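Trainee: Next up is a structure, given as structure tokens.
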Amino acid sequence: MIIQRVVLDSRPGKNGNPVAENFRVEEVSLPDTINEGQVRVRTLYLSVDPYMRCKMNEETGADYLAPWQLAQVADGGGLGVIEESKHQKLAKGDFVTSFYWPWQTKAILDGNGLEKVDPQLVDGHLSYFLGAIGMPGLTSLIGVQEKGHVSAGSNQTMVVSGAAGACGSLAGQIGHLLGCSRVVGICGTHEKCLFLTSELGFDAAVNYKTGNVAEQLREACPDGVDVYFDNVGGDISNAVISQMNQNSHIILCGQISQYNKDVPYPPPLPPAVEAIQKERNITRERFMVLNYKDRFEPGILQLSQWFKEGKLKIKETVANGLENMGVAFQSMMTGGNIGKQIVRISEDSSP
């Protein structure tokens, strides 16, 4: 059986911007038979995410991430349908997902590494399992709960950077749902700002490309900032931290502005900003959702309930075809997406 796959063809360099040409599509042969415990799957959707930029380097700089190897298939969040199974708990026609799904049209996988999903949780929108009802949703929910210390009735102001992206667009809504009295998003286009305030219920939005971020934040957050969901790092985060209140909290979700630079993760703050953090007793801890696996099942059910009740709005940017994985990744890294960037590999979900 001949299938297509995407391999890493070249590295952008630790300080380079990734381009679509760093990836290559090739045809390979897939065995016709599977072994006990294995399943053959057809890929329906693949995810591209900022953390993958680290995997393009020879060393990721993160102890929980292994680098992609040159000329080897890339992997990440994926979802597919089982075409054949020799695994006792998985059957033909089941929908399954994995955090380590190969970028292939079809694959033979170890069934023990797959998670069966229920289409009813997403009203049939299977790609949502790679976004709002999946890892980005869990990251946003558990991050706000564990590191944001949000409590209803506390009159807290929350700021979200990268607010129109996969995690940011969810984190702001979740902040409201858990009790924040004011939620402000930071993003890079007028269209995204409008999306945040008119569709997602953010109280205000700051466009970092059209004005002074610090001044816009002072206007949008007259009572200062109590919770900061940080997706970007860099100058934007420095501006936010400078306006945070005593005993406030930073949820360190990502640092996309720093991923193309040869710096440690999380990167250290400039001395003046670090002094503010210490003086005001602001918590800033690296958040790893994979450390909270016992919270995944109740978290997915909560996210699904909010979605079905219309309280959690979900937005996707969808590219089509395995050949566009590199294009979608490059676009996502430069802010071309609103909501979760997804790549549809096959439209046929039948087994």
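Cβ from N, Cα, C; glycine included.
Reproduced below are the annotations present in Swiss-Prot:
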- F99, Y100, M288, V289, L290: substrate binding site (BINDING)
- 165-168, K192, Y208, N231, 253-259, 287-289, N337: NADP(+) binding site (BINDING)
Trainee: Give me the non-local Cβ neighbours of G165 (NADP(+) binding site): same chain, 6+ apart in sequence, Cβ-Cβ under 8 Å, ordered along the sequence.
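Mentor: In sequence order, N231, G335, N337, G339, K340 meet the Cβ cut-off.
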Trainee: Let me make sure I understand the structure: which of the binding-site residues listed (M288, V289, L290) has the fewest other Cβ atoms within 10 A of its Cβ?
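Mentor: Result for the binding-site residues M288, V289, L290: minimum number of other Cβ atoms within 10 Å at L290.
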Trainee: I'd like to know which of the binding-site residues F99, Y100 has the most other Cβ atoms within 10 Å of its Cβ.
Mentor: F99
Trainee: If you draw a 10 Å sphere around the Cβ of N231 (NADP(+) binding site), how many other Cβ atoms fall inside it, taking every protein chain shown into account?
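Mentor: The answer is 26 other Cβ atoms.
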Trainee: What three-state secondary structure does DSSP assign to G165 (NADP(+) binding site)?
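Mentor: The residue in question, G165 (NADP(+) binding site), is strand (DSSP, three-state).
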Trainee: For Y100 (substrate binding site) and G168 (NADP(+) binding site), what Cα-Cα distance in Å is obtained after rounding to a whole number?
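Mentor: Y100 (substrate binding site) to G168 (NADP(+) binding site), Cα-Cα distance: 23 Å.
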Trainee: Does G168 (NADP(+) binding site) have same-chain partners at least 6 apart in sequence with Cβ under 8 Å from its own Cβ, and which are they?
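Mentor: In sequence order, V160, S161, G162, G185, C187, F229, N231 meet the Cβ cut-off.
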Trainee: Just report the maximum Cα pair distance in Å for the recorded substrate binders F99, Y100, M288, V289, L290, no decimals.
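Mentor: Farthest-apart Cα atoms in F99, Y100, M288, V289, L290 are separated by 17 Å.
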